[in-house]
């Protein structure tokens with residue numbers, strides 16, 4: 001080989017594998033107002049220092065790769081790289097740390113939750129140096145959140161559309177979730193709405209199956225809600241699930257719902273995907289439809305305490321992508337949810353400005369500026385005895401959804417709906433009179449049941465139901 005063609009490792013640039021912390025651990029970095037900030041929970045492999053683990057997360061979720069590459073010299077890595085700027089140990093846990101990472105805003109496409117997650121969590125979770133990794137929280141700067149439309153309408157516009165104020169909204173998921181014909185499904189919807197509910201709901205896995213095709217369901221449900229509206233004088237809604245196998249089919253279903261004149265459609269935003277969800281949210285805003293969001297598959301992502309992603313991150317992403325309602329756990333029913341932590345992400349869904357509060361799992365102060373709020377939906381194993389606690393915990397700006405707690409009433413769907421509406425009105429009145437729902441809740445329900453045989457029957461059926469696993 002001639003001297004002119006001889007290749008040496010030292011020629012051109014300094015190649016090889018470097019410790020991530022040399023470039024990506026920067027404890028002196030002062031975060032910018034425009035940075036996206038992330039708090040991870042990292043469990044390093046034995047022998048990996050926390051600084052190296054935190055720097056590896058910053059590198060692999062931004063500009064880094066496993067070796068030095070010559071194209072690094074064609075850009076300014078200092079401008080674009082993520083930086084691990086602080087690390088703290090997790091109290092009470094061995095070998096767990098919270099590294100904080102700052103990402104420059106230019107790393108992300110405007111208005112794309114898909115791109116944001118692809119960058120921040122798309123690749124780094126399989127990194128060998130980490131035994132486990134969890135994204136606990138994100139700080140979304142106004143400079144980025146303003147590139148999103150957010151919820152199609154928001155809380156106040158929804159109340160104005162429905163003409164319902166001063167109380168939580170009441171809903172019900174139609175059961176059995178699978179197997180009913182479209183006509184019988186519509187009958188169940190009608191009975192629930194006539195009895196006093198504001199909404200009924202398709203279950204998340206009701207799409208367009210052989211036993212009930214979507215178009216038939218949409219037609220019978222529209223007939224049911226118009227009939228219930230005429231009889232009660234109240235505006236009613238049914239969450240028609242538009243989720244489908246393709247975005248084109250999803251949009252076709254949403255268009256048909258709009259043509260029927262119904263007020264609201266539904267989407268499974270995690271299984272359907274953020275791109276599809278954002279497209280549907282844009283359509284809903286442009287065409288006056290409310291959008292109910294189900295979080296099917298969330299526990300696959302958020303249930304493990306040391307790996308995955310906390311639901312507060314998914315909730316923030318949903319507010320950006322778009323949805324007027326989203327399921328948020330109950331604290332009291334059959335589905336898991338800790339009270340303070342749940343209320344933390346409920347505030348992140350509803351409020352404009354949320355202060356940092358680690359006791360509620362909020363790692364960063366979040367300013368949503370003018371992004372509309374999302375109504376949290378409490379659903380899963382709840383019944384009339386839970387009504388005082390739910391009214392106190394979630395407040396007026398929420399949707400309380402009783403599936404089995406309505407349809408399981410011994411007298412039928414309509415009496416089940418009556419029982420829930422009477423219980424809710426009693427709790428709201430008691431609260432407005434200054435009574436303590438936490439201490440007097442059972443007494444308030446018993447007093448109301450004296451004037452409502454439907455509520456009395458419900459109280460008897462569910463007096464000893466508890467979910468203790």
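Residue positions begin at 1 at the first shown residue.
Backbone N, Cα and C atoms are what each Cβ position is placed from, and that goes for glycine too.
Per Swiss-Prot, the feature N-acetylproline maps to 3.
According to Swiss-Prot, the N6,N6,N6-trimethyllysine annotation covers 14, on the basis of sequence analysis.
Residues or ranges marked as substrate binding site by Swiss-Prot on the basis of sequence analysis: 123, 173, 177, 295, 327, 379. In the three-state DSSP scheme, residue 379 (substrate binding site) is classed as strand.
Residues or ranges marked as active site, proton acceptor in Swiss-Prot: 175 (among others). All protein chains included, residue 175 (active site, proton acceptor) registers 16 other Cβ atoms within 10 Å of its own Cβ. Secondary structure at residue 175 (active site, proton acceptor), taken from DSSP and collapsed to helix, strand or coil, is coil.
The annotation Mg(2+) binding site is assigned in Swiss-Prot to 201, 203, 204. DSSP classifies residue 203 (Mg(2+) binding site) as coil under the three-state reduction.
Residues or ranges marked as N6-carboxylysine by Swiss-Prot on the basis of sequence analysis: 201. Under 8 Å, Cβ to Cβ, and six or more positions away along its own chain, residue 201 (Mg(2+) binding site) finds 171, 172, 173, 174, 238, 239, 266, 292, 401, 403.
Swiss-Prot lists 294 (among others) with the feature active site, proton acceptor. Non-local contacts of residue 294 (active site, proton acceptor) by the CB criterion (under 8 A, 6+ apart in sequence, same chain) comprise 204, 241, 266, 267, 268, 269, 326, 327. DSSP gives residue 294 (active site, proton acceptor) a strand state.
Residues or ranges marked as site 'Transition state stabilizer' in Swiss-Prot: 334.
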Among 123, 173, 177, 295, 327, 379, the record's substrate binders - longest CA distance, Å: 37
Neighbourhood of residue 177 (substrate binding site) by C-beta distance under 8 A, where only residues 6 or more apart in the same chain count: 203, 205, 206
Integer Å distance between the CA atoms belonging to residue 175 (active site, proton acceptor) and residue 123 (substrate binding site): 39
Assigned conformation of residue 123 (substrate binding site) - DSSP reduced to three states: coil
Rounded Cα-Cα span from residue 175 (active site, proton acceptor) to residue 295 (substrate binding site), Å: 18
Cα separation, residue 175 (active site, proton acceptor) to residue 379 (substrate binding site) (Å, whole number): 13
Candidate with sparsest Cβ neighbourhood (10 Å radius) among 203, 204, the listed binding-site residues: 203
